[in-house]
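Input: a single structure, listed below in structure tokens.
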Amino acid sequence: MQKIVFIDRDGTLIAEPQPDQQVDSLAKLDFIPKAISAMRKIAEDTTYELVMVTNQDGLGTGSFPEDTFWPAHNKMMSTFAGENVNFAAVHIDRHFPHDNSSTRKPGVGMLTQYFEASYDLTNSFVIGDRLTDVQLAVNLGAKAILFMPPNGLAAVQSADVSGLTEAMKQAIVLQTGDWDEIYEFLRLPARTALVERNTKETQIRVELNLDGRGRADMHTGLGFFDHMLDQVAKHSGADLAIHVNGDLHIDEHHTIEDTALALGEAYRRALGDKRGISRYGFLLPMDEALAQVGIDFSGRPWLVWDAEFKREKIGDMPTEMFYHFFKSFSDTALCNLNIKVEGDNEHHKIEAIFKAFAKAIKMAVRRDINELDNLPSTKGVL
């Protein structure tokens, strides 16, 4: 299915002059910094269809004659075309706000054709500098990129929290005033996975965003296990939520093993075909302990474990399950793991392992925007 980037015009691609907010002469045509170069890269480096959607209040009336609009608009279009930026469609609504027209943003009256099954609106984006652009994304079932140039309109509007509905907050995936950041976001889409694993022993839900901010939401029923999984999220930079309902009244084994299996599966799915990743990835000290974790997302599971624990449990987690956790992760993530730790304090040793594990993952999944067509293997597949 075809994904689309719906792009606002005034305030997003070109400056919106004040106070009349009308680009009605060539003298008023001023491109937003980096918009042309970023749009060229988006057009050349991604598969999104580019669609312009703009409200032009009263176009064709005495307050905004057509002959003052088209010269600047056509110059803008020819400038983009000269940089290999070709819009599949340009939708212009001419109504005033008080007309309450369904074709005026955030209405979707001009855009009904994109609800056809051949379009993937769920993975499409609306880029604009107004909250009406965010609402348009909600109405389309797409995601929103709120463009916020310094002292721009969106910066003022977004300060009014009451203007943002919960649906709008959920729709916004990026707020920025930098077109280069928009390009990188579209070129490097978030790598996410949702895994649900349900057996007679455990019910597990894992939500993973490899390109998150290190946010953690752990509820396994085992406090120390939650603490270790928090380290994975924090030190890998991934957003990770794990909710488990396990048979802890019998034993901790199923909860820990099945969580690792689901987590490994989430990483395997989120990595996709692994193009552009570093693939390999850590020595990490914690007080007297030193952990070494090497990882290779090779497509082949293997675990080398050189770690000895003298206590039966640390917190409420059996130490015998440490090996089992990483073995299960390796099995479903299809990765090689080489883990070694030295130290005296048992808590420090296992926490150092989990932190080093997270850092190794962070290194291995890092993408190079200039290597996205390259697979880090001479075999041609991972």
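Placed from the backbone N, Cα and C atoms, the Cβ positions cover glycine too.
What Swiss-Prot lists as active site, nucleophile is ASP8. Marked as active site, proton donor by Swiss-Prot: ASP10. If you look up Swiss-Prot, you'll see ASP8, ASP10, ASP129 marked as Mg(2+) binding site, on the strength of similarity to another entry. Residues or ranges marked as region 'Histidinol-phosphatase' by Swiss-Prot: 1-190. Positions annotated as region 'Imidazoleglycerol-phosphate dehydratase' by Swiss-Prot: 191-382.
The structure, with features from Swiss-Prot marked on it.
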residue : record                    : Cβ within 10 Å
ASP8    : active site, nucleophile  : 23
ASP10   : active site, proton donor : 20
ASP129  : Mg(2+) binding site       : 25
PLDDT averaged over every residue in the region 'Histidinol-phosphatase' (1-190): 91
Cα distance (Å, whole number) from ASP129 (Mg(2+) binding site) to ASP10 (active site, proton donor): 8
Separation of alpha carbons, ASP8 (active site, nucleophile) and ASP129 (Mg(2+) binding site) (Å): 8
